[in-house]
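Enquirer: Got a structure here, written out as structure tokens. Questions coming.
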Amino acid sequence: TRNHMSQLWKERTYAKRMQRKERHKGKTAGKREEGDTCGAVRSSYGITSAPPMVQVRIGSQQRNLLFDTGADRTIVRWHEGSGNPAGRIKLQGIGGIVEGEKWNNVELEYKGETRKGTIVVLPQSPVEVLGRDNMARFGIKIIMANLEEKRIPITKVKLKEGCTGPHVPQWPLTEEKLKGLTEIIDKLVEEGKLGKAPPHWTCNTPIFCIKKKSGKWRMLIDFRELNKQTEDLTEAQLGLPHPGGLQKKKHVTILDIGDAYFTIPLYEPYREYTCFTLLSPNNLGPCKRYYWKVLPQGWKLSPSVYQFTMQEILEDWIQQHPEIQFGIYMDDIYIGSDLEIKKHREIVKDLANYIAQYGFTLPEEKRQKGYPAKWLGFELHPQTWKFQKHTLPELTKGTITLNKLQKLVGELVWRQSIIGKSIPNILKLMEGDRELQSERKIEEVHVKEWEACRKKLEEMEGNYYNKDKDVYGQLAWGDKAIEYIVYQEKGKPLWVNVVHNIKNLSIPQQVIKAAQKLTQEVIIRTGKIPWILLPGKEEDWRLELQLGNITWMPKFWSCYRGHTRWRKRNIIEEVVEGPTYYTDGGKKNKVGSLGFIVSTGEKFRKHEEGTNQQLELRAIEEALKQGPQTMNLVTDSRYAFEFLLRNWDEEVIKNPIQARIMEIAHKKDRIGVHWVPGHKGIPQNEEIDKYISEIFLAKEGEGILPKREEDAGYDLICPEEVTIEPGQVKCIPIELRLNLKKSQWAMIATKSSMAAKGVFTQGGIIDSGYQGQIQVIMYNSNKIAVVIPQGRKFAQLILMDKKHGKLEPWGESRKTERGEKGFGSTGMYWIENIPLAEEDHTKWHQDARSLHLEFEIPRTAAEDIVNQCEICKEARTPAVIRGGNKRGVNHWQVDYTHYENIILLVWVETNSGLIYAEKVKGESGQEFRIKVMHWYALFGPESLQSDNGPAFAAEPTQLLMQYLGVKHTTGIPWNPQSQAIVERAHQLLKSTLKKFQPQFVAVESAIAAALVAINIKRKGGLGTSPMDIFIYNKEQKRINNKYNKNSQKIQFCYYRIRKRGHQESGKDQPRYCGKGKEPIVVKDIESEKYLVIPYKDAKFIPPPTKEKE
């Protein structure tokens, strides 16, 4: 056994180290070969050419023991009996479990130091070793990684241009936390992972610590500022490996790299930026400063540097072992093979030896040898794979906070690749209030949906990929989602997944989107192009492609008879048999109107609230409701015409009117859709336009009955049982609204049947412009109470023709209109502005106040316009962010913000609220300085405030600001309120941009439209927009500069000082400081004093000229 162990030592790095010494003879000390890099970062060490042996006295005997950091116990072959026997002990060794004698309180002596320790007597041991138990007592450390021959490659990292590193002060910490940090830091310094920072390294990053459940402290570092200033690296690995892409193997081993980050050295020139400070309790001593020598936890580039390093280290080894399936993600390594178990283990051992040369270890206790093996959240079995957690938590009826619901859904979503079921009702619950503590109501439908997923997770298993077989992907329409399954054999899925429905995409378009995602997944995981199975018929898909409804098809595809929920193509751009319905709708006259005229002579019209687009769609909806199974539709709305031809499925349409239209349309046999331009003299189109434009007698509600032609009035119906006390008057509102013609007025009169019982109608005149609810005022003249039952005809409505005559003046002629000095106002003037306001709102989506001020309509009418806008309902303007900010004319704030996948640079003038924004490629200093020149050329600013971002704080930026004469200040670090004005501008711009983006192809155009809406269309309390205020202030400044220049000049005067009884002689040439009707201030040249002189005692003269010498 001894010979076998010595042979192992010779085969490893120690023998290579000896050979290397021979090769390097004669070289200058400290010189490396070209291309060499530094080794793993460790504490100071000495190099030995063989396993280190030391002399230790055990009891009364001197022994030669081997240092072995891999051994827990100190082992000797025999012992003379000193100390206390502690019975038998079982040890786990390479050859299995062995048993030895344990002795406590044995005296040990090493280098003159004596300690009491524990030993194990094992006669059959091939070598006597000093284990970690007693090495710790003597403070002995040995790091085998320092004996490596190969060097870890270094990845260069740097700060962004113009950045100087973080200078964030350390916040106070409790004494308990400082003690915990001191213990952690001392250990890291001993292990060589931290170094003491020199005084001229001024960067600082805050540290703190938390106590783990075990009671130990864990150090945390706030690298946010350093991460912000550090140049990014590309990601070496773009995603997690998936078990569905693994091939089935007989043997697997899962390995974990120990201390992965702490083994890789940090690029030396960068280390000074990682400094941090350990405070001294009560400031009893100076603070201690440290820096990182290795990759720190929490630093944004640690994963990338680690991945690049491992890729470079393992590349050669992987190429030398093509017979295995090898996978690595961060510090987890997967090795699978079909080799014999002995050969498989040899390869694993070879890998451990290989990476040990670089200082990495693969701890034995973290190895998983064989199935089942846990890897990256998955559980691998010989034939199938599962998730490590097989069960989802329960979901019960009742209330749940949004925060808890999000966590539950998160548990499910990442398991979709094995469940493959959609949860539309649960996802719907997450809409609405974004407050994490807001509550949601769980009902039976949600519980059933969740339980179906739980059951599927417990039953479902994934399979492994076979490289010799084709891969298939089958798509199907699920519950408001596209579900697909990837397999090689029927009934044995590799994985499944769900693509939730995408708004405003047809069913075929959604299926193709899911097919693209499926294809991408298969290519990434298996390297093969899958054969896609689409639901439906091949001729349908080929027609969709020809029509241009879809633009991409998989390379290999076919169809299967699946449930597609694909709507029949019954909406066409051709004339079909059946009547033709000419539809129109819009704000034609004060209120919205819609209707249609049929080629058979039928007509329909009604009043309804809504925008022009909504009323156009409602007219089509009414025509479809009342039309036959085969019919033609003609509209002058291009928007409605194109929508109908798209033939979307109602379940994916966001607009409720559009969804209702498609639901009705898909039940018809055939519909021919046609478009004609409006107001072009086309007879039928002009007829329907005129028909709905007329003011017609229209009612809303069921509180009135039709009348016969010979009847005088319309009977009104009592809405509910009403009791009127004797001698009392009661106002009874009924379910009725009227829209009278211009030439009509109405009167509510008493029915004779009610008058006979002593109940009369009082007053009741209805003007032609009135459109509110009808109320009937009843008087009971009896001495007893009267009960009017529900549904009783209790009054009548009589229509009258309106007549209007001018009242001639009495005496002197005067002009006046009711509403200025009369009694009340008719409101006839602002009503005409409502259609204009609505039209303008559909373009720019102003708020109610802006519409109210610009179009001079009532605030309530403006609010109705905004509330009826579908776009404004979805995108509410954000609440105001409060904060102390400097405001002033020509003083600006600037900051970057992210909108979807683009970056915006936003400027805001703090006095007027004027916003200027541009799309930028990134947050680099150079691009920011280019945008500064654009901004300066447009607005001529005086001062600017920004945060401490690298682009703003860079030295070239500061020099540019000085050159332009712009006073530049930065906000308070870690205090978002110092940038409150621009932060609010971000939210306002994003909410406005969301409204305009669907209307434009280019996002730059949407940004420009949003700025018009914010700066020009948005009105303040005095009816002025931000642009109005900005231009006014600029003009005021220009006028002041032009006309007040003389007031700044020095003027001269003679003056006199009045005293009691006489006048004193005047002084000549005092400097003049102020002028006006009030007293003036002058400076006497002789006395150098300032005096206050009445204006009448001063005589102003031109400035004196200097005499020539």
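Using the three backbone atoms N, Cα and C, a Cβ is placed for every residue, glycine included.
Just lifted these from Swiss-Prot, have a look:
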| type | residues | note |
| --- | --- | --- |
| DNA_BIND | 1051-1103 | DNA-binding region |
| ACT_SITE | D68 | active site |
| BINDING | H841, H845, C869, C872 | Zn(2+) binding site |
| COMPBIAS | 16-29 | compositional bias 'Basic residues' |
| DOMAIN | 63-134 | domain 'Peptidase A2' |
| DOMAIN | 191-380 | domain 'Reverse transcriptase' |
| DOMAIN | 575-697 | domain 'RNase H type-1' |
| DOMAIN | 874-1034 | domain 'Integrase catalytic' |
| REGION | 16-38 | region 'Disordered' |
| ZN_FING | 832-873 | zinc finger |
Enquirer: Treating G and I as helix alongside H, and B as strand alongside E, what does DSSP give for the zinc finger (832-873) in helix, strand and coil?
Expert: 34 helix, 0 strand, 8 coil
Enquirer: Using a 10 Å radius around its CB, how many other CB atoms surround C869 (Zn(2+) binding site)?
Expert: 19
Enquirer: What is the average pLDDT across the domain 'Reverse transcriptase' (191-380)?
Expert: 83
Enquirer: Measure from the Cβ of C872 (Zn(2+) binding site) and count the other Cβ atoms within 10 Å, all protein chains considered.
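Expert: Here the count is 19.
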Enquirer: What are the DSSP helix/strand/coil residue counts across the domain 'RNase H type-1' (575-697)?
Expert: 48 helix, 35 strand, 40 coil
Enquirer: Are there residues of the same chain, six or more positions away from H841 (Zn(2+) binding site), whose CB falls under 8 angstroms from its CB, and which are they?
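Expert: Result: L851, I865, V866, C869.
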Enquirer: List the helix, strand and coil residue totals of the domain 'Peptidase A2' (63-134) as derived from DSSP.
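Expert: Residue counts in helix, strand and coil order: 3 helix, 43 strand, 26 coil.
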Enquirer: Applying a 10 Å Cβ distance cut-off over all chains shown, what neighbour count does H845 (Zn(2+) binding site) have?
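Expert: A 10 Å sphere around the Cβ of H845 (Zn(2+) binding site) contains 24 other Cβ atoms.
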